[in-house]
Amino acid sequence: MPPPSLKLNSGHSIPTIGLGTWQSKPGEVAAAIKTAVAAGYRHIDCAHVYQNQKEVGEALKEILDEGKVKREELFITSKIWNTFHSEAKTHENVGIILADLQLSYVDLMLIHWPQGYAEGGELFPAGENGKMRYSDVDYLETWKALEAAHKAGKCRSIGVSNFTSKQIQRVWDAAEVKPACLQVELHPYFTQVKLREFCKEKGIVVVGYSPLGNPGSAFFRKDGDPNVLTNEVVAAIAKAHGKTPAQIVLRWFVESGLSAIPKSVTPQRISENFAVFDFQLTPEEVSQIDGLDKNWQRILENFSVFDFKLTAEEMKSIDELNRGWRLVDPSPRDGDHPFFGFNDEF
């Protein structure tokens, strides 16, 4: 049975739980994808900047050649990188991505960030004082190129990542093909309620990256940062259901009408993170988790989450964890860019 999915305004559907591939090392990501597909995953989230898409492509080709799943059963996401924002470069990046993945189309193509970097060189073109060398390309130009790629059948749905409500509205107003999806950092410590409400009004599906607060990453985490998976509220709900804290958080995503892309290369965790469909949270539990928000945004793991449901009380408990804590914050690098949006309210 395929995992539950959410309907996109493009007419296609995106699975509620997918496998993230950011920070998956060479030699690990292919095995992770094979394990995930065998466990039931159908959504694989990729990006040009992750620099592992060729290995992803080899894994996908092997899976498809063996007939384990059909191409139409998979949902593959990728993202246009910051150094490819001009119209010509966007089309170039689409071509590179499809070649790396060995696919004729992706199911969802996103603009990775609204701010563009200097084109034609390194992925992170360094400037002075730790800043990037920016481009002045408007992301509306990038969007128009994605619309053309969509019409050409190369991207079945298109959307944005790390955009604020103001930036999404600007794209929406100019778009012929409306954004189908927004991917942002989202977890119980950073629940993005206002942004989610904005997207819901427009029929835009929200996908959360770092859904577990990125507990294993030294890239963004700092000493003393809170860990969602050791939170007392989450731990208590997990004990009540006989589930892991990660499964409780991922179930909270499912019951909140969200999609999540936990990253893991560990077979046990990959399977575990998908086993979240056999239980429900109570409304109170959902509310409790909602209340954990710390505005804690942290950029970035799980798949046994479809065989159970959380009660309303349990959902409330997770909701109350929200404390607005942002993990991923590129402002030291990109804060001076005219299209940097993290200073917006939401």
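Cβ atoms here come from the backbone N, Cα and C positions, even for glycine.
These come from TrEMBL:
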type: DOMAIN; residues: 17-293; note: domain 'NADP-dependent oxidoreductase'
type: ACT_SITE; residues: Tyr50; note: active site, proton donor
type: SITE; residues: Lys79; note: site 'Lowers pKa of active site Tyr'
type: BINDING; residues: His112; note: substrate binding site
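Overlay of TrEMBL feature records on the structure.
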{"residue": "Tyr50", "record": "active site, proton donor", "Cβ within 10 Å": "20"}
{"residue": "Lys79", "record": "site 'Lowers pKa of active site Tyr'", "Cβ within 10 Å": "26"}
{"residue": "His112", "record": "substrate binding site", "Cβ within 10 Å": "23"}
Reduced DSSP assignment, the residue listed as 'substrate binding site': coil
Average model confidence [pLDDT] within the domain 'NADP-dependent oxidoreductase' (17-293): 94
For Tyr50 (active site, proton donor), the three-state class that DSSP assigns: helix
Rounded inter-Cα distance in Å - Lys79 (site 'Lowers pKa of active site Tyr'), His112 (substrate binding site): 5
Euclidean distance between Cα atoms of the residue listed as 'substrate binding site' and Tyr50 (active site, proton donor), Å: 11
